[in-house]
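Notes to accompany the following structure.
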Amino acid sequence: MLRYNLGMGLILASASPRRSELLRKARMVFRVEPAHVPEVHTAGEDPKQYAQRLARDKARAVAAKYPNDFVIGADTIVVADAHVLEKPADEADAARMIRMLSGHTHEVTTGVCLCGPNVEIVETETTRVTVAEISDEEIADYIHTGEPMDKAGAYGIQGMFSRWVTGIEGDYFNVVGLPIARVYRMMRRAGVL
């Protein structure tokens, strides 16, 4: 397990089981304290700035309660055809999103904020993902698994959707939900490790 300097704790400001799993696999000791902040994309807001803003808002919200600990806030968005695709509102929305991804390359951006005593680092990681053509029947079958309903862009690259991923440029773990190598570098730079 990683040991942290300064005797401080590490908090993940997210309820995402995928983010928790990635941190655990990286042998980081942390606790989960989900942040509850509005996730509203304003018209004209750059997608990367949007991801950074949400990550910062989440980290700050939790850091305000635990000022002596380090907090990781993150937000992942999918951008296809200049449209930000967040978590689908319902099955019809999920189908719409998957049709946008089908046969195209899109970007997945995660904003990450590390907040702690006298430290705030905010960065983004962007990965390009290419998806094969997906038939309407395949889309319906995929949606009925329930897998896309709690994920940005209506898919999980680590699950059934992987059968349609034909290429990836960048950090795979970013697409899962947390660019763990970037988080590690941020923690080193902040003196946490």
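Note that the numbers count up from 1, one per residue, in the order the chain is shown.
Note that Cβ sites are derived from N, Cα and C of the backbone, with glycine treated the same way.
Bear in mind that the values here come from a model prediction, so they are computed numbers and not experimental data.
Per Swiss-Prot, the features are:
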type     : residues : note
ACT_SITE : Asp75    : active site, proton acceptor
SITE     : Arg18    : site 'Important for substrate specificity'
SITE     : Thr76    : site 'Important for substrate specificity'
SITE     : Gln158   : site 'Important for substrate specificity'
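In the structure as shown, the Cβ atom of Arg18 (site 'Important for substrate specificity') sits within 10 Å of 19 other Cβ atoms. Of the recorded residues, Gln158 (site 'Important for substrate specificity') and Asp75 (active site, proton acceptor) place their C-alpha atoms 18 Å from one another. In this structure, the C-alpha atom of Thr76 (site 'Important for substrate specificity') lies 12 angstrom from that of Arg18 (site 'Important for substrate specificity').
Just so you know, the Cβ of Thr76 (site 'Important for substrate specificity') picks up 29 other Cβ atoms within 10 Å once every protein chain is counted.
Following the DSSP three-state reduction, the secondary structure of Arg18 (site 'Important for substrate specificity') is helix. With respect to their backbone Cα atoms, the residue listed as 'active site, proton acceptor' and Arg18 (site 'Important for substrate specificity') stand 12 Å from each other. For the recorded positions given as Asp75, Gln158, the lowest number of other CB atoms within 10 Å of the residue's CB is seen at Gln158.
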